[in-house]
Each structure stands twice: as structure tokens, then as C-alpha cells.
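Report on one structure; see the data block that follows.
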Amino acid sequence: MFKNNNTIIDTTWGNYRLYTLTNELGTKIEISDLGAAIVNFFVKDGYSQERNIVLGYQDSANYINSETYISGIVGPWGNRIEGGTFSLNNETVQLELNEEDNHLHGAGCNLHKRRWDVIATAAQGITFQTTVSKGDGGYPANIILMVTYRLSNDNELTINVWADPDEKCPLNVTHHFYFNLFGRKNDVTSHVVAIDADQFWRTDQNLIPKEKSSTYQTPMDFLQPKPIGVGLKSQSHDILQASGYDHCFILNGQGLRPVGWVFEPKIGLSLEILTDKPAMQFYTGNHLNEERDSFGKYSGVCFEPQHFPNQVNMDGLLEDVMYDKDRPYSSTTIYKIQVEKTNSSLYLN
């Protein structure tokens, strides 16, 4: 075991390692070299009760066996590509298919199941690195990927992702954290969510975006905060088709800015979400299965900053997601933890 300024602790975790970041407010985040995944995220709520606000497993083997991408890094292309194909240099590239006719989250690249190297540590921060070899998952380049986690003393978790391909290649690396502010109990339907998006992508039956649509006065309208469960109960075609929320929101604004917020009024705990990406996939754990995954449907909610799903096949938008050695991929996301006491002790769990 080693300590770095009393903020990073390295311990064994099965065949892998856990690296613990802490701050002066008592927040503790345990991150593994397996998938560069956040395994535990302990925070204190509005009543000073400690809660573990991400879904995860205590046994590393469960991450290898799971197909739910729990709390790991996904890519090189996070989200879906229709048919797994795109055009590059006037030729069609075929990526591996792993969701019927879709390429999802990098398929066989398995960023969320591979061992990442720790290449740097600093006070309250750690950087992981891995390499995708040309041909893995069908990708047409060797890609060096890095992710840095930093926890500040004002309760901000900053995640910087960087990917450097040696040849032209589409990239859309993101993370797949399932948040549950209750702490791995109850579902998230009472969580109140706001998303700064006037538009979202309406999808086909395979969840491939087909048209932009206004969020106004629809279940996708989170410009005013509302509980997740309100939309889940709707009979909207968009909700029924995806069995919940699994939609890409086109975020307002540019650059690093606040784009979302999730709050659980029963315990006085919230997360503010900032990103520099143009879109965010909002997913409510529709396909979690308690018997298979240890977590039931709607047990967690994901906020995945990214480019548009299937953007490689959208007219005029391909070049925006093509990267090479002279133009590496990068993204910044910040989760800001905030606490606020509620007015009623009836909400205490």
C-alpha cells in the first residue's frame, strides 16, 4: 500500500487494484484499473449520512461477467453506430456488431473490461492509459487512450478523457456511471432531473437517431426540473420504445458549461453536471435485471457526455467526429456534489 499526500491509497482488489481519492469533506472515490471504473463513490448527504452513489460490484469478477457497462469507460465509439459501418477515404469500414445490427460502446475493444495502466498520480488525482490496436473491434487505427480523475476539496470530480489515433478514426469516448443518490437502494424514479436541452434525437426501433425533435412539453422536456418517474409513466412512443429514457439530448451552449442536474429531495443530495461536449445520453437503467445484474430496472441513471450516436453516418457531420494524430480527441466532464437539508424528517431513509 502507498499513500500520496494522504489522498491516494492503493490496495489490491481481486486480480486488480483500487485507488482511493479523498478530500477534506469526507468524499471518497474508489477507482479501479479494471475498466478505469468508479467502483465506489462515497459522499455525505444533507443529514451527514454516508451514501455510495454509484452502482458497482464488490467482486471484480462481476465486472468481467456483466454486460451492462457498469461505471466504466466506453469507446473508442461510445453509443451506437448503425450497421457498424462508416465511410473512410471513400471506403466502407465495418466495425464489430454486438447489439444485433448495431456497434455499441466499442464492442470487442472492451475498454470497460480491460486492465488500464496507471501512468500518473498526484494529490487527489490519477491518470489511466490503455491502447486499442488497429483492427480491435474493427477500428482502423492504433489509439492511445487516457482518462484522468481529479477530486477537489470543494467536492468536484473532474474527468478528462484524451484519445490519440495514429490514423484517421472516429472517436466518441465517454463514461458509463450509473448514479443512485440513495446509495444502491431504492430506484431513481424520485430523483429530480434538469437537462439544458431544447432538442433531442428521436430514434427508430433500434435506438438509432433519425430526426431532431423539440423537447418542449414532452417527456423529454427537462428545462424545468422534474422527477424521472413522471416521464417514465407517460405513454409517449419515445419512452415506450426504449422502455424508459435512453435518448441523446442536444445540449444548449458551447464549451465547458453546466448542462444538467440531478437531485434527491428525500436526502438533500444533488449532482451538477458540466461538460464541453455537444450532447448527452440520458439513460435510466431500463435493461438492468436484479437477478442477473444485482440491480433492478431503474436502479441507476447515466449521464453520458458525447457526440451524437451514429454521427459517423449523418450528412455533413462526419468530419466533426474524425480524429487523427494532428487532432486528438479530448473531453472534460465535471460532477459537482452539493448538499441541502430537506424540510421534513419523513424523507430520512
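Backbone N, Cα and C atoms are what each Cβ position is placed from, and that goes for glycine too.
Bear in mind that the values here come from a model prediction, so they are computed numbers and not experimental data.
Straight from TrEMBL, the features:
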BINDING   N79, R80, H176, F177, Y178, D246  beta-D-galactose binding site
ACT_SITE  H176  active site, proton donor
ACT_SITE  E304  active site, proton acceptor
Whole-number Å value for how far E304 (active site, proton acceptor) lies from H176 (beta-D-galactose binding site) (Cα to Cα): 6
Cβ atoms near F177 (beta-D-galactose binding site) (within 10 Å, other residues, all chains): 26
Site extent for beta-D-galactose, whole Å (max Cα pair distance, N79, R80, H176, F177, Y178, D246): 18
Assigned element (helix, strand, coil) containing N79 (beta-D-galactose binding site), judged by DSSP: coil
Cα distance (Å, whole number) from F177 (beta-D-galactose binding site) to E304 (active site, proton acceptor): 8
